[in-house]
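S.K.: Copied straight from TrEMBL:
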type	residues	note
BINDING	A:G26, A:L27, A:Q28, A:A29, A:S30, A:G31, A:K32, A:T33, A:G73, A:N129, A:K130, A:N131, A:D132	GTP binding site
BINDING	A:T33, A:T51	Mg(2+) binding site
SIGNAL	A:1-20	signal peptide
Amino acid sequence: MAFFSSWWQWFAGFFFSKSAEITIVGLQASGKTSLVNVIGNGQWSEDVVPTVAFHFRKVHRGNVTMKIWDLAGQPRYRSIWDRYCNGVDAVVFVVDAHDKEKFDTAKFELHQLLAQPSLKDVPLLVLGNKNDLEGHATVNELIKALDLDKIQNRPVSCYSCSMKSQHNLDIILQWLAGHSH
Amino acid sequence: MSLASKKDEESGLSTYYNNKTTVIQEARVFNDSPISPRKCRALLTRIVYLLYVGETFTTQEATTLFFGTTKLFQHKDSALRQMVYLAIKELATTAEDVIMVTSSIMKDMQPNSEVIYRPNAIRALCRIIDPSMAQGVERFFKAAIVDKNTSISSAALVSAYHLFPAAKDVVKRWVNEAQEAVNAKGSGSFFGSNTGGNSYLGWGSSSSSTTSGYQAIPSTSYITQYHALGLLYLIRQQDRMAVTKMIQQLGGGKTGSGTVLKSPLALCMLIRYAAKVMEEDPNVQRQMLDLIEGWLRHKSDMVNLEAARVICELKNVSPAQLQKPIAVLQLFLSSPKSSLRFAATRTLANLALLHPTAVATCNLELEQLISDANRSVATYAITTLLKTGNEASVDRLIKQITGFMSEISDEFRVIIVDAIRSLCLKFPAKHASMLSFLSGVLRDEGGYDFKRAVVEAMFDMIKFIGDCKEQALSHLCEFIEDCEFTKLSVRILHLLGVEGPKSPQPTKYIRYIYNRVVLENATVRAAAVSSLAKFGLNSLDDKLSKSIKVLLNRCLDDVDDEVRDRAAMYLKVYQEPPLADIYVKEESVFSLSALESKLVSYLSDPEAVAESFDVSSIPKISRAQAAKEASRPSTLETLGAPSTSKAATPPPPTAAETQSAYASQLAEVPEFETYGTVLNSSTKPAQLTESETEYQVSVVKHIFREHVVFQFNVSNTIPDTVLEQVSVVMQPQGETGLTEDFLVPIPQLSSANSPGIMYYSFTRDTPEEYPIGSFSCVLKFVSKEVDPSTGEPEAEGYEDEYSLEDTELSAADYIMPTYVTFASEWDRLRGGVNVTETFSLPAMDSLKAACDSIIEILNMQPLGGSEDPQSPTVHTLQLSGLVAGGGGKVLVRSRMTYAKGQGVALELAIRAEKQESANLVVAAIM
């Protein structure tokens with residue numbers, strides 16, 4: 001029966017497959033590449049080399065094919081974010097919820113990005129990563145710190161999660177699948 | 001293809017391709033999901049096409065396109081990826097933030113990625129990384145250079161070549177790999193068994209590899225060797241020993257058979273390097289020449305040709321050495337391949353300039369090439385024959401050239417006309433037939449460059465061959481009747497104005513010139529008016545003079561003001577004949593560079609605008625000198641050196657140019673800001689030390705209105721010491737009329753930043769007088785040794801002194817040579833200051849020596865060839881000069897006699913506009 005259902009799923013993939021193009025941005029060392037790794041092959045690693053410019057990755061999850069642009073977060077690369085957000089199905093903004101000092105910078109960069117005309121109506125998912133650490137910001141704190149309530153004309157979601165413990169990973173995937181087409 | 005369909009293609013296809021806006025709009029396909037590789041590839045092709053035909057994208061557009069293309073990295077299609085790399089390479093120069101794709105490219109470069117586009121990735125990478133990242137890719141490159149796949153290896157070598165200027169140190173470390181790539185027996189031995197069929201299989205295997213992904217493609221061209229050799233040379237070019245060694249190693253012994261180089265291109269490159277080494281170092285000339293001669297017998301035509309060419313272009317090559325290469329070229333002359341014939345004739349044509357006799361052995365073959373179907377070959381054959389031929393063959397050749405002049409392009413016609421031009425001067429007796437040839441081609445259709453060459457050739461004939469002047473002028477007259485080039489018309493009209501009045505029948509030119517006033521545009525009309533006036537004012541014939549006056553009066557009604565102004569001016573000269581001496585017959589012009597620098601300083605000084613510009617302070621030069629300064633690369637050069645691509649050394653700067661250079665140097669020193677403009681600077685630095693000493697000092701004197709500034713150029717030749725607080729202390733000897741102001745020392749002087757400049761400023765006590773005197777000079781400095789390990793000078797130094805020769809401030813520093821018409825100026829200054837003194841110079845042993853020393857002491861312009869005494873006993877030297885700072889003109893007439901045993905007796909008559917100027921000259925001689 002289990003065999004049959006997995007076979008059915010694979011078969012149905014041909015007819016009901018969905019795809020989503022997603023861009024992941026955020027300040028450096030917030031966990032963007034870790035998120036891609038975890039979604040892609042479920043593996044988390046302590047040392048991730050800082051991304052240069054961008055990584056492109058294609059991930060199959062169930063009947064959803066996700067094309068993920070994992071952009072670099074260092075200041076010199078932030079100006080190119082909007083170029084890769086053009087026409088995507090969703091933008092994921094990753095924040096290090098434990099590093100509260102950087103919230104202001106993150107808020108500035110996020111709103112700067114959302115002001116770009118090419119990002120009009122694109123859904124936004126904000127992730128407060130690293131909630132396994134003591135003293136991390138909660139979802140409500142994040143919403144206030146990043147002024148998420150002031151964003152208009154687009155669906156915005158905010159989750160607290162951890163890539164290390166894979167906490168809330170399922171709802172993230174659900175959200176992403178929900179925005180595929 | 002029929003003409004119609006070609007036109008269709010031009011208007012249809014190319015406008016479709018040429019439209020930048022549509023391309024940018026369609027760049028949306030890059031963002032499509034899913035990506036269509038076919039569409040994207042087509043669009044990328046169009047972008048690259050636009051870039052190749054010279055379309056430019058703004059930074060904004062290029063950046064947008066660039067980031068669009070980077071999105072295509074998500075697709076695995078290899079043909080698309082190759083196209084992406086091509087586009088990235090082209091866009092990288094204009095787009096911003098290109099560094100973004102580094103990681104994507106690096107992924108494709110991985111040695112384990114067995115993909116067809118690995119070479120493309122390598123080539124694109126070198127365009128986008130900055131020098132600081134070169135270190136990071138070193139490992140990739142080292143591996144790629146020695147890769148067994150030639151296209152990867154070539155790509156890495158070429159990229160290294162491009163990276164070299166930016167990241168020398170890193171690329172230098174790849175020398176061993178490059179050496180290995182040169183030596184690699186390469187795919188030749190790797191696929192040794194099927195070398196025979198390679199040329200057929202090459203294409204097949206490369207096309208199949210696009211489908212199968214990755215495969216080592218056998219190469220028949222050994223192109224890697226060429227690329228590797230280029231890189232090796234680039235790395236070693238500073239080290240002549242290493243280059244010599246490399247050439248000997250790769251040259252493979254005397255016969256050239258032992259060489260590992262199989263690529264003819266690489267061998268050609270090696271020959272060029274060898275030629276360069278030979279030119280720089282005569283010691284190895286013998287060995288290199290042996291090697292190159294060996295290559296004359298190589299099995300590739302390209303190599304033979306290159307070797308022959310290099311020997312032919314060798315400086316001071318002997319006729320015996322030329323024998324072999326000429327024999328090789330002679331063989332090529334009868335080759336069925338037109339490219340070979342062209343190359344051989346071109347080389348011979350260049351060689352014929354210097355060694356016509358050596359080339360003459362090929363005359364028979366060259367004669368046959370005159371009728372060659374390829375007109376370029378025929379042109380070179382004929383120009384060569386013109387140079388090697390004797391007087392008897394000239395007529396025949398000219399007849400043959402006339403036959404095909406209309407069939408060749410302007411560029412080659414210019415070559416032929418230049419050849420004819422040098423030929424006229426070689427065989428003046430043949431001028432008649434050459435002149436008729438030139439006038440014939442002048443009537444042909446042709447562009448400006450061609451017509452100019454013909455007109456210049458005729459100018460030369462007029463200048464150098466007196467017999468043909470009359471006829472050449474009338475040909476030129478006919479030419480301007482129907483000449484579409486304003487520049488040429490103006491030049492011809494000017495020449496007519498100069499030469500016409502001297503001819504026996506000046507009247508016959510008037511009609512042609514006046515026709516221009518009636519028919520042509522304003523520029524030509526103005527030139528025609530000047531030319532007419534020269535006839536009217538120079539001619540002795542009263543009747544002619546009167547009729548020209550009538551014509552000039554008519555010009556007063558012209559619509560253009562320049563034409564009217566000129567006519568009015570010359571009519572005024574008619575009324576006052578003495579003006580003709582100044583405006584029509586004047587033989588001198590302003591020294592243009594001096595005039596320019598004075599005008600620049602006049603305009604940059606806001607206070608000076610209150611007064612009008614003082615023209616009289618500008619030195620004049622004679623027309624002959626002016627012509628020499630502005631000389632076009634003309635006759636003598638086409639006769640002399642071969643016009644090879646070697647850069648000619650720039651002519652030494654004229655006195656006026658050095659003056660303006662000094663002026664700009666002085667302007668940089670803030671202390672001299674209030675001094676005003678420099679009135680005069682000494683033309684040549686005077687050496688105060690011997691040329692071999694440790695410290696070398698020379699002095700240049702600058703005269704200001706109220707100051708005198710001594711500029712000392714100090715050089716430190718000792719590499720491991722640094723001099724600090726370098727200054728020259730000047731001690732006036734006796735009363736000089738100068739008060740010391742200050743000095744500007746050189747803070748630090750090492751051998752690297754030598755020469756340094758140090759200034760010493762004096763105030764002239766009474767600015768109206770010209771103080772002269774002598775100063776003893778001592779160089780003072782603090783000497784510090786440099787620690788060789790750190791390159792830092794020691795903390796403690798010791799003070800030292802170095803005595804220099806005395807510096808003289810003399811009359812020559814105030815006087816500039818200037819050209820005048822001596823007799824008339826001498827008369828004009830009769831009413832000015834007159835001083836006459838007699839001297840006896842017993843030490844002088846000839847009149848020539850006396851003249852030379854007087855000219856040197858006074859720094860004045862000798863006039864009318866009077867610097868060369870004709871008689872050994874009696875001579876009159878005429879000099880003219882301009883005294884700086886409003887001193888006005890000074891003329892000197894020096895009558896001298898020479899008697900053996902008594903030396904030279906001198907009577908110096910000075911006429912000047914001011915007393916002080918005359919005093920200055922007298923004081924200088926005493």
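Positions of Cβ are set from backbone N, Cα and C atoms, glycine also.
Note that this is a predicted model, so its numbers are computed, not measured.
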S.K.: State, in Å as a whole number, the widest CA to CA span among the GTP-binding residues A:G26, A:L27, A:Q28, A:A29, A:S30, A:G31, A:K32, A:T33, A:G73, A:N129, A:K130, A:N131, A:D132 given in the record.
M.R.: 22
S.K.: Cα distance, A:T33 (Mg(2+) binding site) to A:K130 (GTP binding site), nearest Å?
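M.R.: On Cα coordinates alone, these residues lie 13 Å apart.
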S.K.: Expressed to the nearest Å, what is the distance separating A:D132 (GTP binding site) and A:T33 (Mg(2+) binding site) at their Cα atoms?
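M.R.: Computed Cα spacing between A:D132 (GTP binding site) and A:T33 (Mg(2+) binding site) is 18 Å.
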S.K.: Please list, in sequence order, the residues in the chain of A:S30 (GTP binding site) that are at least six apart in sequence and whose C-beta is under 8 Å away from its C-beta.
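M.R.: Residues satisfying the criterion: A:G73, A:V94, A:V95, A:D96, A:D99, A:A106, A:N129.
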S.K.: Round to the nearest Å and give the CA-to-CA distance linking A:G26 (GTP binding site) with A:T33 (Mg(2+) binding site).
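M.R.: A Cα-Cα distance of 10 Å.
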S.K.: Looking at the binding-site residues A:Q28, A:T33, A:T51, which sits with the largest number of other Cβ atoms within 10 Å of its Cβ?
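M.R.: Buried the deepest by this measure is A:T33.
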S.K.: Whole-number Å distance between the CA of A:T51 (Mg(2+) binding site) and the CA of A:K32 (GTP binding site)?
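M.R.: Between the alpha carbons of A:T51 (Mg(2+) binding site) and A:K32 (GTP binding site) there are 9 Å.
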S.K.: If H, G and I count as helix, E and B as strand, and all else as coil, what does DSSP give for A:G26 (GTP binding site)?
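M.R.: The residue in question, A:G26 (GTP binding site), is strand (DSSP, three-state).
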S.K.: Have a look at the binding-site residues (A:G26, A:K32, A:G73, A:K130, A:D132) and report the one with the fewest Cβ neighbours inside 10 Å.
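M.R.: Each of the binding-site residues A:G26, A:K32, A:G73, A:K130, A:D132 was scored; lowest Cβ tally within 10 Å is A:D132.
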